[in-house]
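Trainee: Quick paste from TrEMBL:
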| type | residues | note |
| --- | --- | --- |
| TRANSMEM | A:30-48 | transmembrane segment |
| TRANSMEM | A:60-79 | transmembrane segment |
| TRANSMEM | A:91-115 | transmembrane segment |
| TRANSMEM | A:155-175 | transmembrane segment |
| TRANSMEM | A:220-242 | transmembrane segment |
| TRANSMEM | A:254-277 | transmembrane segment |
| TRANSMEM | A:327-355 | transmembrane segment |
| TRANSMEM | A:375-400 | transmembrane segment |
| TRANSMEM | A:436-457 | transmembrane segment |
Number of protein chains: 2
Amino acid sequence: MRAKPVQRDPLLVRLREGVEDFAASTPARFAITVFGILVLIFTGLFLLPISTTSGETPPLIDAVFTAVSVICVTGLATVDMATYWSGFGHAVIFVGVEIGGIGVLTLASILGLVISRKLGLRTRLLAAGDANPLRMRKGPISEGQAVRLGETGQLLRTVATSVLVIELGVAALLFPRMLIQGVDPLSAAWQSIYYSAMAFTNTGFVPTAEGLTPYETDPWFLTVLMIGVFLGAIGFPVIYVLARNIRRPKRWSLHVKLTIVTSLVLLIGGAILFFFLEYDNPSSMKGMDPGQRILQSFFISSMARSGGFATLDMHQFDGSSLMVVDMLMFVGGGSASTAGGIKVTTLAILFLAAFAEAKGVDDMEAFERRIPPDVLRLAVSVVLWGATTVAVSTVLLLWITPDERLDYILFDAISAFATCGLSSGFTQSASEPAQWILAGTMFFGRIGTVTLAAALASSTRRRLYKRPEERPIVG
Amino acid sequence: MRAKPVQRDPLLVRLREGVEDFAASTPARFAITVFGILVLIFTGLFLLPISTTSGETPPLIDAVFTAVSVICVTGLATVDMATYWSGFGHAVIFVGVEIGGIGVLTLASILGLVISRKLGLRTRLLAAGDANPLRMRKGPISEGQAVRLGETGQLLRTVATSVLVIELGVAALLFPRMLIQGVDPLSAAWQSIYYSAMAFTNTGFVPTAEGLTPYETDPWFLTVLMIGVFLGAIGFPVIYVLARNIRRPKRWSLHVKLTIVTSLVLLIGGAILFFFLEYDNPSSMKGMDPGQRILQSFFISSMARSGGFATLDMHQFDGSSLMVVDMLMFVGGGSASTAGGIKVTTLAILFLAAFAEAKGVDDMEAFERRIPPDVLRLAVSVVLWGATTVAVSTVLLLWITPDERLDYILFDAISAFATCGLSSGFTQSASEPAQWILAGTMFFGRIGTVTLAAALASSTRRRLYKRPEERPIVG
Ligand SMILES: [K+]
Ligand SMILES: [K+]
């Protein structure tokens with residue numbers, strides 16, 4: 001009567017298996033459900049009068065927007081975060097970004113398992129063994145040997161441990177600098193941990209009203225923040241491999257190499273562009289000495305990719321710099337990271353396809369590895385999704401906000417989609433309907449690219465026939 | 001001593017063979033050379049004092065910009081075209097757009113031959129026989145049976161005949177409407193032929209100072225212009241197939257079906273968007289009756305794809321409509337057409353790839369045909385090229401023009417790239433360096449997508465080894 005195995009399972013195991021089956025069968029719906037429930041819970045918490053400094057219940061839009069921004073680790077805000085929320089409110093924010101950050105890392109990794117398994121079934125090829133942390137320890141897995149999603153718990157522990165270690169490390173580097181600044185030790189401890197969490201989760205909120213102002217020219221503080229943001233944005237699979245094989249580059253997977261190289265190219269290329277485009281802007285870098293210019297250029301370039309901290313006022317930037325920030329934000333960070341955007345590997349795949357086409361070779365190649373052509377199709381789908389989300393959001397915002405410039409609206413729309421959190425100032429001054437649209441953009445930006453790949457890869461249909469081939473002209 | 005076959009060739013044949021070898025071996029350089037020489041000749045003609053109304057030599061930038069705009073059938077202008085140029089100047093413009101229009105159709109078709117031949121050699125698959133007019137008449141060509149580019153002359157005659165027939169037809173429909181308007185018969189004849197050429201070549205210049213104003217609400221005149229623009233924008237391969245098989249859709253190739261369906265979707269979708277986005281704009285459609293709104297919505301949608309005629313002032317449009325025009329311009333028209341942009345089939349291929357990915361099937365499919373995966377790679381290359389051109393142009397223009405809004409700069413940059421010719425007013429008021437950048441954008445926009453596909457497809461390198469496969473994570 002099949003009763004025996006069921007009786008052996010305690011309630012918790014059955015619950016876990018239910019969740020795992022849900023994740024595996026409809027990953028997109030699973031992600032929407034998880035993030036949706038988290039947003040609801042945190043909206044409830046922000047609606048509590050003890051969450052605000054004034055002791056009053058905040059307007060619904062501000063509670064919802066803050067909850068979405070916190071859970072999606074975006075960092076956009078409709079209120080002045082530092083002064084509007086109480087100490088309790090800031091504790092909720094802190095817990096929220098940790099859950100959001102760890103949540104997105106775990107979710108992406110779980111869905112990565114789903115993809116790998118489905119791809120394995122579908123193409124009868126093994127997914128790259130070491131791109132996935134679970135795979136790495138166990139070696140390549142044959143088709144018959146199904147990956148149990150029961151390993152979710154183990155994965156969650158690994159992620160949480162990594163997050164804890166990195167955040168404590170970053171906080172330890174920020175703490176003494178704050179003492180030097182004259183912050184009392186207790187506040188310095190809390191603030192350094194808060195900054196560290198905001199850096200590693202790529203959120204970008206600040207704990208105090210003056211924000212980064214005391215440290216805005218400080219190489220130590222800004223560099224530590226950049227390192228925290230970079231580690232968060234590079235993605236968990238990369239951190240996992242690097243933690244074990246930092247000195248053995250031969251063991252680095254293609255995914256690790258592609259992510260690191262593309263990230264560095266974007267970081268350095270962006271910094272060079274900002275250095276020149278803002279050179280003569282009296283509202284940003286004019287009058288700075290060369291070392292400070294270089295520091296600030298790297299800081300903008302690093303934060304534009306999803307960090308969201310800002311030392312300079314984006315509203316005062318030259319239009320050309322805003323466009324460059326737009327492009328960097330849209331690309332975002334690494335796969336299965338706390339950063340958003342279409343992801344650096346997606347961009348890399350597009351360029352590898354164009355290079356292969358230009359060289360006239362049959363396969364996309366990188367680091368002496370051949371990349372299967374179906375990866376390109378996935379990359380194109382992700383970019384189309386991203387471009388469509390940004391386009392719909394921007395057109396709607398422009399339509400309901402007739403007097404605002406495209407410069408600023410496009411900036412905040414891309415920032416919301418890519419969970420970057422930099423703002424031209426539009427978000428805070430926008431009308432309530434515009435803020436609802438931005439909240440929706442943040443939500444779909446966060447769950448979109450994370451789940452799209454899994455959702456697409458998990459739908460498989462076998463065809464028993466081949467249609468005749470025909471080649472349309474393109475270009 | 002090999003003297004015999006050479007002696008049999010007259011000079012003209014050897015010249016022709018030289019040109020054909022040039023086109024086949026380095027298609028991109030060939031296209032740049034041809035278009036570059038045409039621009040030089042027409043710059044010389046516009047620099048003649050008899051070309052201007054004032055009888056003075058125009059500034060170099062105006063002569064170059066007009067020559068590029070005419071030869072690339074773009075339609076952007078730094079001067080008031082109708083009043084600045086003399087009767088002789090307008091004759092030069094007329095001849096220029098005919099050469100530019102026929103030139104781009106022929107060039108695209110020649111390069112199409114190059115692609116097909118190289119693809120045939122490369123993939124050992126036959127390119128779709130009927131997508132290419134020359135192929136169609138001769139049936140599929142086996143690899144051993146090389147297509148002689150000596151058929152260029154024949155192709156040129158077919159293209160010129162089609163252009164003549166269509167342009168005379170469109171002019172004949174415009175002529176009586178002009179007589180009704182009270183234009184004297186001789187002027188009406190010249191103007192109707194001028195309008196017809198500007199419509200079919202998708203240029204969009206007007207012959208008189210008042211431009212479209214007398215006809216701006218006239219359904220007949222505007223509809224005939226739309227038909228002329230649509231035929232020019234659909235592409236020569238499609239016209240060729242339709243002219244022979246208009247009533248036999250079973251003989252339409254995949255390319256024909258894909259082009260027509262995507263063009264209609266964009267035309268109707270764009271019209272619906274403009275209808276709603278401009279509904280309450282007092283500077284455009286507010287106060288119009290419903291029929292007129294529908295006519296104007298379709299007119300904008302049709303012209304945005306590369307036509308370049310305008311009855312309403314783009315500068316007064318809502319920011320949301322400008323964004324929609326931006327997107328339509330970027331896509332442009334059909335392959336091997338007088339329209340610009342990345343082309344409708346390129347867009348269709350991206351969406352077909354995403355659909356295939358979402359359905360989890362192995363092949364891209366449309367109209368019961370399978371599309372080979374290397375077409376996607378070519379499409380991605382074309383889109384990357386287009387996006388890069390627009391991005392570089394926009395960032396440069398924003399940088400040297402600090403006070404202008406992104407809304408208007410992006411609009412004219414995309415219009416230049418896609419040879420559309422609609423303007424937000426930026427081009428005419430821009431500084432001279434900005435106009436040089438726009439001229440460069442027009443030139444590379446025109447030769448870019450036409451030649452990129454050929455250049456990419458014609459570079460082939462055989463590999464005797466396969467590298468190990470590895471799958472990075474994307475999205
Ligand atoms: K962020
Ligand atoms: K045009």
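Every residue, even glycine, has its Cβ placed from backbone N, Cα and C.
Any TrEMBL annotation is an automated prediction that lacks curation.
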Trainee: Does the transmembrane segment (A:155-175) come close to the transmembrane segment (A:60-79), meaning at least 3 CB pairs under 8 Å for residues 6 or more apart?
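Mentor: Touching, no - the transmembrane segment (A:60-79) and the transmembrane segment (A:155-175) miss the threshold of 3 or more Cβ pairs under 8 Å.
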Trainee: Can you tell me which parts of the same chain pack against the transmembrane segment (A:327-355), counting only residues 6+ beyond its ends and a CB-CB cutoff under 8 A?
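Mentor: Answer is 72-74, 100-101, 104-105, 108-109, 112, 200-203, 232-238, 255, 258-259, 261-263, 266, 270, 301, 304-306, 364-366, 371, 375-376, 379-380, 382-383, 386, 390, 414-415, 417-420, 422, 445-446, 449-450.
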Trainee: Give the nonlocal contacts of the transmembrane segment (A:30-48) in its own chain as ranges (CB under 8 Å, at least six residues past its ends).
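Mentor: Counting only partners 6 or more residues beyond its ends, the transmembrane segment (A:30-48) has Cβ contacts under 8 Å with 19, 22-23, 57-58, 60, 62-64, 66-68, 70-72, 85, 88-89, 92, 96, 99-100, 103, 107, 111, 443, 446-447, 450-451, 454.
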Trainee: Any residues 6+ beyond the ends of the transmembrane segment (A:155-175) with a Cβ under 8 Å from its own?
Mentor: 98, 101-102, 105-106, 109-110, 133-134, 188-189, 191-193, 195-197, 199-200, 220-221, 224-225, 227-228, 231-232, 236, 239-240, 243
